[in-house]
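Copied from TrEMBL, the annotated features are:
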type     : residues : note
TRANSMEM : 6-27     : transmembrane segment
DOMAIN   : 72-195   : domain 'Phospholipid/glycerol acyltransferase'
Amino acid sequence: MVIVSLTMSAILFFFIVPLAILFFIYLTNILLLMYQRNGEVEADPLSDVWDSARKTIASFWDMYARIWHGYELHGVENLPEGPAILVYYHGAIPVDYLYFLSRLFLWKKRLCLSVADNFVFRLPGLKLLLEVTGIMPGTREECLTALKNGYLVSISPGGLREALFSDESYQLMWGNRKGFAQVALDAKVPIIPMYTQNVREGYRMFKERRFLRQLYESTRLPITPPYGGLPVKFRTYIGEPIPYDPSVTTEELVEKVCKGNFLFCFQTKTAVQALISKHQTIPGSIWKALLERFDKRCK
């Protein structure tokens, strides 16, 4: 019984924080449903009518971010007043991105629309939360419409694959993803790199195994649960914008995917990698990330 109890305690310790985050996400959706019903709100979920609810939600997540991860956000001045595309590294659990959305709304009262994997929209009971926070499947048409309406739009080219199979080496796993660059060219907007320090030390995935990779590629579903949730230091860095270059054509985009001569795709990947190299110990160290909670200096 002692061995069983210790084993169950260890399992609970490794998974309790990720499960708590999932619980809080569903609780947030329930609170939005209550707000909608009590106020008989039928307005567009992206309209200002929902701002008071968004502020309440953002305040909760920002408080959680401060307490658990000592969260900091740097480089907000690099965001333009108008539309842009933010490109970021995807952690095992993108809770750092949720922190970013919350603080951006509290500081700037600005909504950043998010492109999410199709898997997210299969989760039951989260429809209203996804709509109010501006999470979308991210078709080319949807992204262009959002940018033309003045929104920031964010995307992680690595997506679920990067979440599952990247590790403390912080390898970018973009493959041939190029849609974000084409949308930026079409909308004539800058691309802005973003990265959160220690995100892989906070939450990790089990080591990649060949059969798990094959299973993911055939199902496109998350096949291993994240673990961890240690209160390591999180700092999100927003890099300098990569400006729109009218000399780069759509044809070049198609022909030179992530090659040296293709400006947007190559420069974006380089910019995200540069943020990682500048602000992250490679390979990541959990102990160093924990100690950084007590280091007031910004790396």
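Cβ atoms here come from the backbone N, Cα and C positions, even for glycine.
Keep in mind that TrEMBL annotations are predicted by a computer and have not been checked by a curator.
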Overall pLDDT of the domain 'Phospholipid/glycerol acyltransferase' (72-195), taken as the mean: 93
Helix-strand-coil residue split for the domain 'Phospholipid/glycerol acyltransferase' (72-195), DSSP-based: 53 helix, 23 strand, 48 coil
